[in-house]
């Protein structure tokens, strides 16, 4: 009783908090058509194996040698995905670090003579980089905007959004990320790297890009949506592994956050891909240590080593750590809600005015961000450098343009530093490293941290949703580490213990904000441990993540779920809605009329039905000798379009000329029915048919799926939901209650050894039957 009241209360809180207008969905002839933010129609993927005669014929021709070849190619593609994603991450990081290094070196050299001239140069460099990013996205690759994680999550959930996995999207994501991150916007490159890895995996899975004549035929082995789903999952894990140098975190991220379907064989390949990424990144960093990568150095790839920080913690510190978790949940939920409202306004009002408005908006935000990051430190008084500790390796002030703490910015004396410039006038990676740093107590004042928190939080909210590649991992870490360090300063002053480090609380704050915003737990916990190289803080990170996620869930959904819903991406969550328990399968169907085909159908009727509605699957009906209606299978819209375009299966007679369908099964290769990835495929408007063609007939028997999934009409919608999601289905037939039972299958009927023939299996199954298992196996 209490749990139900609590559940209803949380649902009410979510409803009140998240009450915004619904996304714009159109309807075509009674069929709901979901549209993404760029106006493209989203279509479901066919993860189910269509066991038509073309498929069965191909399977019969393939022996064990071909199956072994497929396994080898899968592992080879996993290797290529790891290498490609690792090299893309290295290229992005080297480019961002060099652009940032040149920018800060030039600015620091100019401000020695004139701060105004330095400010102008700083703003112009950022403006050029951001302009290049937004121009690439708006004119070349619109699908590259944002992090791409909601779209990839939708793809792995069974939804195909045109354009998200194309070659031009990959190019736009890489170069757009360099411009937006290098331009100093309040966003990160880690989310776009996940999308980059997914694009690389998809392109390798289809053998390259045919449009740009970059294809390899010998790689074009896997053409089904199921195989592409596995490869894209490997790419997502590789993107996280490359972004954070966290291979285990990448595997767990793919498992927890993006994928809806998992199996042990996929786990091995995903783990192998992440391991390859780790080797590639490590090799690249070793090569760059010799100085061959310009400004790229210890400030490049993310790893904030806090292993030399706080050794132990007392029981009394758990309370302020729990407070950090609560703050992270509240600020994370607020961040999600603010970005949701602003993104909705952008999508429905601002961005409808064209690409020019998108470019002006991004450039205006760039100028504002540059002015704040340069101007606010000028208003802050400089502090005297603390007494230097030779063992710490920390220099105060740091040399201009070099990575480290204690930035000398607008200071009158040599031994002074500007604490606000240390985190504001810096790359985000270096700023986080400064906030996480140990043995730097009293480096930052509470006033500076609070100023930075308010301004950067505002900038992150406003920047999210602009037409540039943008990730939220790094801004989230920046925000969380700032208020975490504030709490750490309070704890240091309150407990008066020398072993307490403010950097430890900054790390916990970063974890709490990401948990409160993105609602990840296991994967985020491992990622935070891997990027800080400090296993001792694992229990504390777990504590703040659990608290922040619980607090955030009381108000709204996670960041990616909300953005997916706003973009019109209908995700099937892991748990069905509570009200589905009292609904039946027939109620979900509503009063819609089922459109079906007879087995022998006239071409004109096929064209008419395809033009009049947008259904993607049609039941095929036949009649027995007694005149009884019989559902013989499911035919897909895409398959019908292939048949209409090829015309080789047209016949003059309205009778089945080959009842068994054996001869027709070899007229088509199964790959002909596969829709290109992230593409609209064939349209009925693209097919030209003569008047004679329209008078002919097609026998659909060889091309339909004879064994679609079927549920009785009175099955609960909860069961239907679980079946639909866990099997990755696109269609389920709802039929009346069956009149008779042909047989029953239990576990022992499915335990078939490869070395045994069917007769031995039947004997073994029967010999183990007891009286209670009289119907334990199939009986006729």
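Glycine too: its Cβ is placed from the backbone N, Cα and C atoms.
For the ranges 47-70, 71-94, 143-166, the feature annotated in TrEMBL as transmembrane segment maps to 71-94. Counting Cβ pairs closer than 8 Å to the transmembrane segment (114-137), the top stretch among 231-254, 266-285, 449-467, 473-495, 507-531 is 449-467. Against the transmembrane segment (231-254), the recorded stretches 71-94, 318-339, 449-467, 473-495 differ in Cβ pairs under 8 Å, and the greatest number is found for 71-94. Highlighted: of the candidate stretches 71-94, 449-467, 507-531, 507-531 has the greatest count of Cβ pairs under 8 Å to the transmembrane segment (318-339).
Residues 134, 137-138, 142, 145-146, 185-187, 331, 335, 338-339, 342-343, 346-347, 351, 355, 358-359, 361-362, 365, 368-369, 372, 376, 380, 420, 423-424, 475-476, 478-479, 482-483, 485-486, 489 of the same chain sit 6 or more residues outside the transmembrane segment (449-467) yet have a Cβ under 8 Å from a Cβ within it. For the domain 'CBS' (704-763), the mean pLDDT of the prediction comes to 81. Panel annotation: around the transmembrane segment (473-495), residues 186-191, 243-244, 314, 316-317, 320, 323-324, 327-328, 331-332, 335, 423, 428-429, 431-432, 435-436, 441, 444, 446, 449-450, 452-453, 456-457, 460, 463, 501-514, 517-518 of the same chain, lying at least six beyond its termini, place a Cβ under 8 Å from a Cβ of the stretch.
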